[in-house]
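Undergrad: Grabbed the feature section from TrEMBL, which reads as follows:
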SIGNAL    1-24  signal peptide
DOMAIN    31-338  domain 'Plant heme peroxidase family profile'
SITE      56  site 'Transition state stabilizer'
ACT_SITE  60  active site, proton acceptor
BINDING   61, 66, 68, 70, 84  Ca(2+) 1 binding site
DISULFID  62-67  disulfide bond
DISULFID  112-334  disulfide bond
BINDING   156  substrate binding site
BINDING   188  heme b binding site
């Protein structure tokens, strides 16, 4: 009964974020997209953290050989089990069970790649309270290749400097501008990060500039010695989403920064945090080292509506990156190629 009450309460929170829409959320005339929406709402009601995971999956799939659902595969004929989801840069990926459930509902009517980008779109819509929404067409096909080494070679690293980030986003197969780099980085207003991804920010002698109170709070919560013990804990990307004790240690007051204190919301709080040096990754901080990028950080901090619109546009572009492989298909099961799938 307690669990049921918790689920009902979570559902109320999710539906509350949908203010301005119908009480049951957004509806689509396309039957596949409507089924995806309903399942995403259910999943986020049961586990609100899965919303950020679904948004993250879009980038981590589409950045490697286009939007082909390759990040969902557990094994392939060519790569075995050394697939993208095993990549170091894909640590903490989640939401796969949601995609599996949706696939069972829609069957051959949609590829896994389509389901993934539709689910990410709906999660962003819900997490932003309906302020970030964009339309997507179907028609993507699923890839049959998924390589952990390719993912680690292609995904941007949390320790990249600005030039490395700029080159990664502009690379063939991506074609994203510095403005779009800054826009998409705003997704770090939600989700979590593992200690191994920000460990370079905790050494006071070598870290790139980081607020000292924030750094001290991180060192208290996730000391570097944990890595030596084989532990790799996670903390919220956004100090807004941390505990009251952490915020006190970090001298973080969202209201004083002009940030809504509502936890788990996809919004422009990332830009407020970045300009205060209260961000986890070096790759976040280095945006301040380029004149144009730094100007966009300030622009999006001061204009939430502009960021909402630009983020939606960037996600449309990201979700439209074409699959680059051969022998594309519509998988029967999102975790296996059709060659490997058995009824």
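Cβ atoms here come from the backbone N, Cα and C positions, even for glycine.
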Undergrad: Once 61, 66, 68, 70, 84 are set aside, which residues in the chain still have Cβ within 8 Å of the Cβ centroid of the Ca(2+) 1 site?
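TA: Apart from 61, 66, 68, 70, 84, the close residues are 62, 64, 65, 67, 69, 71, 113, 143, 146, 323.
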Undergrad: Round to the nearest Å and give the CA-to-CA distance linking residue 66 (Ca(2+) 1 binding site) with the residue listed as 'substrate binding site'.
TA: 15
Undergrad: Relative to the Cα of residue 112 (disulfide bond), which of the recorded positions 56, 68, 84, 188 have a Cα no more than 10 Å away?
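TA: Of 56, 68, 84, 188, within range: 68.
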Undergrad: Taking only the Cα atoms, work out how far residue 67 (disulfide bond) lies from residue 61 (Ca(2+) 1 binding site), in Å, as a whole number.
TA: 6
Undergrad: CB neighbours of residue 67 (disulfide bond) within 10 A?
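TA: Counting Cβ neighbours of residue 67 (disulfide bond) within 10 Å gives 27.
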Undergrad: For a quick check of packing: other C-beta atoms within 10 Å of the C-beta of residue 62 (disulfide bond), how many?
TA: 29
Undergrad: Out of 56, 60, 61, 70, 84, 188, give those recorded positions positioned within 10 angstroms of residue 334 (disulfide bond), comparing C-alpha atoms, in sequence order.
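TA: Among 56, 60, 61, 70, 84, 188, the ones whose Cα sits within 10 Å of that of residue 334 (disulfide bond) are 70.
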Undergrad: Checking the binding-site residues 68, 84, 156, which are within 10 Å of residue 62 (disulfide bond) at the Cα level?
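TA: The binding-site residues close to residue 62 (disulfide bond) (Cα within 10 Å), listed in sequence order, are 68.
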Undergrad: Which number gives the other C-beta atoms within 10 angstroms of the C-beta of residue 112 (disulfide bond), all protein chains shown included?
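TA: Around residue 112 (disulfide bond), other Cβ atoms within 10 Å: 29.
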Undergrad: Hey, what's the Cβ neighbour count for residue 60 (active site, proton acceptor) at 10 Å?
TA: 19
Undergrad: Taking only the Cα atoms, work out how far residue 68 (Ca(2+) 1 binding site) lies from the residue listed as 'substrate binding site', in Å, as a whole number.
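TA: Spelling it out, the Cα of residue 68 (Ca(2+) 1 binding site) and the Cα of the residue listed as 'substrate binding site' are 19 Å apart.
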Undergrad: Across the domain 'Plant heme peroxidase family profile' (31-338), what is the average pLDDT of the model, as a whole number?
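TA: The average pLDDT of the model in the domain 'Plant heme peroxidase family profile' (31-338) works out to 97.
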Undergrad: Do you know offhand how many angstrom separate residue 84 (Ca(2+) 1 binding site) and residue 188 (heme b binding site) by C-alpha?
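TA: Distance between the two Cα atoms comes out at 21 Å.
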